[in-house]
Amino acid sequence: CKSLPETLLFQLLGLSIATLSTVTHYGLRFTLISNVSLDSNSYRVIHHRAFYFGICLSMTLILAALLSSAATVRESQCLTAMGFFCFALAFCGLIPAACWRYTHSMEVEDSMMDVYDFVYEEVRRNTSSFRRHELTAIHEAFLCCGKHSPFGDTNNVEHKTCPPGQVHNEGKDCLREIQDFLKKHMDFVFSLLGI
């Protein structure tokens, strides 16, 4: 039987995972990339699945903690068994998540960078003013300016889409900024799930 402080810890952990899932799903940077991504890009699917997985995991942990609290107070074997079952479900859900992280660790990063590359190249070819607006929004969200491109002069794109005061040589490379942001976020997510 779990003690009350331990069940409170699991409730806080469940709330933390729910909060992180919500921030991941509705955060500016993630929603911006999701809205810009094409149907052929896997980012949107990963984005939604991560949110639903996080919410389900958090609700399972909160339910397990509540059942364990009730089992402790009422000294009920049935509630204890139900709480244990919920903890087992959470654990069984974490195993595939951990495996996915190690087998597909670069998929999220690659899909986000592909979205940026696509929008950037569309603007560079000057095919869409709508894409120029999207690229400007990405630059403002990630506080970056353009990318180092082997395909030629990109200063024209960057002058039109970078936040005021940032020139390509002074601004940060967006591919590097997206990569760093995602690495920090994923490290935080898997640290929390490891707990």
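Every residue, even glycine, has its Cβ placed from backbone N, Cα and C.
TrEMBL labels come from automatic prediction, so no person has curated them.
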Per TrEMBL, cysteine bonded by disulfide to Cys174 (from Cys99, Cys144, Cys145): Cys144
Cβ neighbour count within 10 Å of Cys144 (disulfide bond): 23
Other CB atoms, at most 10 A from the CB of Cys145 (disulfide bond): 23
